[in-house]
Amino acid sequence: MPSTRNIETHNDSNPTLRALSLSALGIVYGDIGTSPLYTFKTVILLAGGGTPAVNTIMGSVSLIIWTLIIIASVKYIHFALRIDNDGEGGILALMSLLSLKLKQRPFIIAVGLMGAALIYGDGTITPAISVLSAVEGLEILSPSLKYYVLPIAITILITLFAIQSKGTATIGKAFGPVMAFWFLTIGILGARGVIQHPSVLAAINPIYGLSFLFSNGATGFFILCGVFLCVTGAEALYADLGHFGTAPIRCAWFGLAFPSLIFNYLGQAALVLEGASTEHNIFYMLCPGDFLLPLIILSTVATIIASQAIITGAFSMTRQAMQLGWLPRLRVTQTSSEGYGQIYIGVVNWLLMLATLGLTIGFGSSEKLAAAYGIAVSATMLCTTLLLFIALHKLWKWDIITSGLVAGLFMIVDASFFAANLTKFINGGYIPITLAIIIYSMMYIWHKGYQTIAIKQKEKNITVASFLDSIQKERVVRVPKTAVFLTSKEQDIPPILVWHVKKNHVLQDKVIILKINNLSIPRCKPGDRLQIVETGTGIWHAVANYGFMEQPHIPKLLKKLEAQGYDINIKDITYYIGHETIFVRNVRHTLSKYIKILFVFMHRNALPMSNYFHLPPESVFEIGRQIEI
């Protein structure tokens with residue numbers, strides 16, 4: 001079984017565990033924790049609205065409860081959290097782990113990348129539907145306020161995206177306590193409804209859900225679209241494993257989040273059983289009138305926190321994809337020294353903002369947005385289940401039957417939700433699916449194009465022996481300086497070094513040929529960071545290893561090398577990097593031509609290598625060359 005975090009061995013009295021569990025409430029459970037704002041309301045509307053029958057109410061809430069149990073508690077909390085890639089979770093980390101150890105690499109990578117692309121697709125909807133559903137509580141406070149809902153939601157979203165570059169480390173410390181208060185509040189409100197109509201507790205029996213599902217034909221099938229909304233944030237349970245570890249996530253779930261959600265959904269169902277109107281948001285009707293405005297404010301803050309988690313997750317996943325070679329280099333800004341996860345990627349932030357605002361304005365209400373929400377994340381969960389099956393069989397060494405039975409249960413549930421959500425395609429579900437296809441295509445095109453360039457560059461490499469022989473024959477002068485040449489191959493001499501000697505007829509007496517090696521693990525062990533070997537007189541070949549959660553910083557790396565006794569002066573280094581100009585010529589096939597043109601566009605707009613590796617501009621020498629693809 002793959003290793004798990006040491007924190008898992010701590011007991012409940014451990015103050016570190018309690019602190020991490022509190023933090024997990026603010027980051028991990030924001031999305032799933034704000035789902036009661038719109039889930040039960042959507043389910044009742046899909047069931048026909050109006051005054052629903054008792055079996056409809058009981059069946060609906062029973063399906064919600066058991067979806068939370070099967071998907072969130074069993075699939076993600078019990079199984080997925082135990083399959084980590086050196087402590088990291090999420091579909092890209094799982095893809096990297098499996099592709100590193102198994103032979104089914106193309107299939108695993110295709111499934112993993114599609115799952116990641118789908119997360120981006122639904123990630124544009126989550127902030128919109130969450131904030132809208134919270135602000136819509138104003139309509140219950142006063143019907144005349146409904147005209148202000150959309151402008152307020154847009155203002156909140158713009159502000160949220162605008163402050164990302166400043167970092168959220170300071171206010172982020174309050175996320176955990178705020179979400180803890182949120183879960184306590186919704187749990188108490190729900191318990192209040194259950195006390196008024198305790199017979200609703202019978203819905204915990206799964207027979208109610210199954211009976212409603214199979215005895216109501218198309219209606220029973222369609223409401224699965226609404227039921228699924230209760231677990232749209234479940235993928236975050238796995239993705240945030242690296243931030244907190246297994247034990248805090250489990251502790252926060254079973255200790256507060258899960259019981260609070262169950263009580264709230266039961267409370268909403270109890271309220272409808274009592275005859276409450278379903279025209280307005282049922283969630284807010286649980287609240288006594290005097291406390292409605294504070295609840296609306298708390299709901300808005302909770303949805304902002306949920307949206308922040310989505311945005312931060314998008315930044316983190318983008319960095320992973322870049323380090324694994326599936327996206328071009330983008331500028332990554334560390335917004336806080338307190339945590340490596342505190343980063344900002346401007347391009348991702350503004351594109352996400354434009355997409356989210358477009359959806360908010362285009363759909364206008366959480367009820368309409370629910371028609372587009374869920375299809376992409378349900379497909380992501382299918383992808384995760386496929387990889388989970390492979391992990392159970394290949395990594396945990398379970399036999400094929402046991403692995404199939406466990407994963408098969410999840411597959412049936414996931415496939416049912418995905419099939420139901422496909423009915424949303426025309427009504428808006430095509431939007432996240434289209435976005436996912438675009439992102440997947442970009443990742444595939446970038447990776448294939450980058451591989452093509454790497455192959456063409458290696459063709460120009462020469463051996464160390466040939467290079468040393470040539471500089472001796474040509475009597476190349478060695479000057480007392482240090483030069484670093486970046487390369488994509490570990491052993492040979494890169495073309496930029498050959499060009500440098502050919503044009504300048506001099507060579508520094510200390511030459512480091514450096515390859516940056518991106519690993520399929522989150523972080524490289526300090527002892528494995530750098531391997532360096534002298535392959536010729538004053539010529540060293542070095543390989544620097546970085547995990548997909550790490551950002552290469554070459555000057556800091558070389559400073560450590562200098563501290564270890566190597567005769568280099570960090571202040572007197574010249575960095576030589578290749579600057580490729582890619583062009584397309586004589587492509588007859590139209591599709592192939594446009595694919596190559598897209599790659600050229602991405603390559604030209606990628607962050608320069610010198611910026612990405614934090615090289616001092618005054619010490620960088622770029623050598624240009626043209627490459628035809």
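Sequential numbering from 1, following the chain as shown.
In case you wondered, yes, glycine gets a Cβ from its N, Cα and C as well.
The feature transmembrane segment is assigned by Swiss-Prot to 20-40 (among others).
What Swiss-Prot lists as transmembrane segment is 61-81 (among others), and the listing cites sequence analysis. Tertiary neighbourhood of the transmembrane segment (61-81): same-chain residues 4, 32, 39-40, 43, 89, 200, 203-209, 212-213, 223-224, 227-228, 230-231, 234-235, 237-238, 241, 246, 249-250, 253-254, 258, 261-262, 265-266, 268-269, 381, 384-385, 388, 392, 406, 409-410, 413-414, selected by CB-CB distance under 8 Å and a gap of 6+ residues from either end.
Among the features that Swiss-Prot reports, transmembrane segment is placed at 106-126 (among others).
The transmembrane segment annotation in Swiss-Prot covers 143-163 (among others) and is backed by sequence analysis.
Same-chain neighbours of the transmembrane segment (171-191): 22-27, 29-30, 33-34, 36, 256-257, 259-268, 286-287, 295, 298-299, 301-302, 305, 308, 342, counting only residues six or more beyond its ends whose CB sits under 8 Å from a CB of the stretch. Per Swiss-Prot, the feature transmembrane segment maps to 171-191 (among others); the stated evidence is sequence analysis.
The transmembrane segment annotation in Swiss-Prot covers 209-229 (among others).
For 253-273 (among others), the entry in Swiss-Prot reads transmembrane segment.
Counting only same-chain residues 6+ beyond the ends of the transmembrane segment (291-311), those with a CB under 8 A from a CB of the stretch are 26-28, 30-31, 33-34, 37, 123, 126-127, 130-131, 133-135, 137-138, 140-141, 156-157, 160-161, 164, 168, 172, 175, 178-179, 181-182, 185, 189, 233, 236, 240, 284, 349, 352. The transmembrane segment annotation in Swiss-Prot covers 291-311 (among others) and rests on sequence analysis.
Sequence-distant neighbours of the transmembrane segment (343-363) (same chain, 6+ residues past either end, Cβ-Cβ under 8 Å): 123-125, 127-128, 131-132, 150, 153-154, 157-158, 161, 164-165, 167, 311, 314-316, 318-319, 330-335, 369, 371-372, 428, 431, 435. Among the features that Swiss-Prot reports, transmembrane segment is placed at 343-363 (among others).
If you look up Swiss-Prot, you'll see 372-392 (among others) marked as transmembrane segment, on the strength of sequence analysis. Counting only same-chain residues 6+ beyond the ends of the transmembrane segment (372-392), those with a CB under 8 A from a CB of the stretch are 71, 75, 79-80, 83, 91, 94-95, 97-98, 102, 104, 108, 111-112, 114-115, 118-119, 121-122, 125-126, 129, 225, 228-229, 232, 234-235, 238, 359, 363, 398, 402-404, 406-407, 410-411, 414-415, 417-418, 421-422, 424-425, 427-429, 431-433, 435-436.
Per Swiss-Prot, the feature transmembrane segment maps to 400-420 (among others).
When Cβ-Cβ distances below 8 Å are used as the criterion, the transmembrane segment (425-445) is approached by residues 113-114, 116-118, 120-122, 124-125, 321, 326-327, 355, 359, 363, 368-369, 371-376, 379, 595, 598-599, 602 of the same chain, each at least six residues removed from its ends. The annotation transmembrane segment is assigned in Swiss-Prot to 425-445 (among others) on the grounds of sequence analysis.
For the transmembrane segment (143-163), the residues of the chain that approach it from at least six positions outside its boundaries are 127-128, 131-132, 135-136, 300, 304, 307-308, 311, 349-350, 352-353, 356-357, 360-361, 364-365, judged by C-beta separation under 8 angstroms. Long-range contacts of the transmembrane segment (20-40) within the same chain, counting only residues at least 6 positions beyond its ends with a Cβ under 8 Å from a Cβ of the stretch, are 7, 60-61, 64, 72, 126, 129-130, 133-134, 172, 174-180, 182-183, 186, 226-227, 229-234, 236-237, 240, 243-245, 247-249, 251-253, 255-257, 260-261, 264-265, 268-269, 281-283, 299, 302-303, 305-310, 312, 366-367, 370.
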